[in-house]
There are 2 protein chains.
Amino acid sequence: MLYIIGLGLGDERDITLRGLEAVKKCETLYMEAYTSLLCFGLSTDGLSTLEKLYGKPIIIADREMVEEKVDNILSEARGSDVAFLVVGDPFGATTHTDLVVRAKTLGVDVKVVHNASVMNAIGICGLQLYRYGETVSIPFFTETWRPDSFYEKIQRNRNLGLHTLCLLDIRVKEPTLESLCRGRKQYEPPRFMTINTAIEQLLEVEQKHGESAYGEDTACVGIARLGSEDQMIVAGTMRQLLMVDFGKPLHCLVMVGQTHPVEDEMLEFYKIRSENSEHKGNGIS
Amino acid sequence: MLYIIGLGLGDERDITLRGLEAVKKCETLYMEAYTSLLCFGLSTDGLSTLEKLYGKPIIIADREMVEEKVDNILSEARGSDVAFLVVGDPFGATTHTDLVVRAKTLGVDVKVVHNASVMNAIGICGLQLYRYGETVSIPFFTETWRPDSFYEKIQRNRNLGLHTLCLLDIRVKEPTLESLCRGRKQYEPPRFMTINTAIEQLLEVEQKHGESAYGEDTACVGIARLGSEDQMIVAGTMRQLLMVDFGKPLHCLVMVGQTHPVEDEMLEFYKIRSENSEHKGNGIS
């Protein structure tokens, strides 16, 4: 049996009892490398928090390993219980559909243990989940690669009065230019997009298109470390949020559509109070 | 402190360790009546499964009680730790934003414990969450009340190639007509909409509008008891799903938009195999 177990968003205590039961039963535990790094703030040492809780070692599987060795993992799961641990929900923002399809094709049974993901936990900002349009991803721009297909999607959502969740780029295990030239694998340090960078890129794209889909005065909510003890949620215009230091990853951004009164009341708690963009705690965590 | 704790979708073991910690710390536990009835299949007896796990009694709060006594609950939360238990995520399909707003207005601090909700767990059907448009709700039609504002939303989603999650009506504690006349409170038994009823209503509305937003051959996925051990997921046309008995609540329905190959592969596992709409287990649970 292959268990795909969602770990939630914050720390090791966000696993469900059902998930922990499965983990205890499994002979081998795999976990995606970048999830442990970016979401749980774990280093090689830090991993032991999870391992202590689970009572067994975890094999860190980076993207290459998952791609290269998935058949080994799956044939292992044919004869024993194997768990694949993922941050958030197994089918949240990062999808594991492909893993399920490959497992099923090989005749391996799959059990999914759900958990919170950004796609529903984002509800804490006060905007109703059923009033969101299509989710967009904002990729890191480079000198030569500045894709902006998100612009049209945001425009459509906003024309319909819908909110837009913007997922921000994460780059892990990107080969360095040098390593590509020399044929030896060396990697750039992991990068995650800040809310500030996302807003800069969004405004650049608006300027290019010039169709006023949104602008500096558009209401947004910036969310950092959603679901963690030190999560930070700030509502304000794009211009205001540009000045806020949201701190450590992960970040995401919501562009606010038409609001209902209860949504406005909730946003009020998260609003920037003063001109210098200072933001005090709001007693919701 | 007011804790709003998501319980997940399946059974008592879907609470997170963080949620259980909070429950153990709280002096009083409230839980919405209809959630315990419909999602966890609990009767007054059954509740003891949760109470045993939590080590303390739970006060069942029906909708009236929440509305009438919310200020009592909140003033209690000012001096002690009080938990409000909700199925799914606190900000999932059923929103508790209003409760948070009232708490904050009274100066009560709020802590939210996230969990899976239909809004992300639906990902198990294989359709990518970021490819969903606006979510719609399908209300029970009566002789005289047949609202169909969902039609336009579905049409829009489908024109954009997006999937549509249809949340199906739940009626609990509806006063009987007799009780309304006599001024004494008596209630109809709880009702939940089946996938079959939803499809019948959807097709009726399509016939009325006649704009071919969808039809009997439109691909859908019916999901019953999402996240439970006995969940049932069947992919097929509206015509095919009309013939399927999905069993006990809760049900929901996804209308499939344009699909990517990995989405198709996943749907394949859930497809009805034979003409008589028989559906075998698919080894994903």
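Residue numbering: from 1, along the chain as shown.
Backbone N, Cα and C atoms are what each Cβ position is placed from, and that goes for glycine too.
Whatever TrEMBL says is automated annotation, not expert-curated.
Annotation source TrEMBL lists S-adenosyl-L-methionine binding site at A:L9, A:D89, A:G92, A:S117, A:V118, A:L168, A:L226, A:H251. If you look up TrEMBL, you'll see A:1-241 marked as domain 'Tetrapyrrole methylase'.
Here the features listed in TrEMBL are placed on the structure.
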| residue | record | DSSP (3 states) |
| --- | --- | --- |
| A:L9 | S-adenosyl-L-methionine binding site | coil |
| A:D89 | S-adenosyl-L-methionine binding site | coil |
| A:S117 | S-adenosyl-L-methionine binding site | coil |
| A:L168 | S-adenosyl-L-methionine binding site | strand |
| A:L226 | S-adenosyl-L-methionine binding site | coil |
| A:H251 | S-adenosyl-L-methionine binding site | strand |
By a simple count of other Cβ atoms within 10 Å, which of A:L9, A:V118, A:L168, A:L226, the binding-site residues in the record, is least packed?
A:L168
Let me know how many other Cβ atoms fall within 10 Å of the Cβ of A:S117 (S-adenosyl-L-methionine binding site).
31
CB within-chain contacts under 8 A for A:D89 (S-adenosyl-L-methionine binding site), separation at least 6:
A:G6, A:H114, A:N115, A:A116, A:S117, A:M119
Under 8 Å Cβ-Cβ to anything in chain B: which of these binding-site residues pass, A:G92, A:L168, A:H251?
A:G92
Counting only residues 6+ apart in the same chain, whose Cβ is under 8 Å from the Cβ of A:G92 (S-adenosyl-L-methionine binding site)?
A:G6, A:S117, A:V118, A:M119
Cβ neighbours within the same chain of A:H251 (S-adenosyl-L-methionine binding site) - under 8 Å, at least six residues apart:
A:L168, A:F192, A:M193, A:T194, A:I195, A:A198, A:G222, A:I223, A:A224
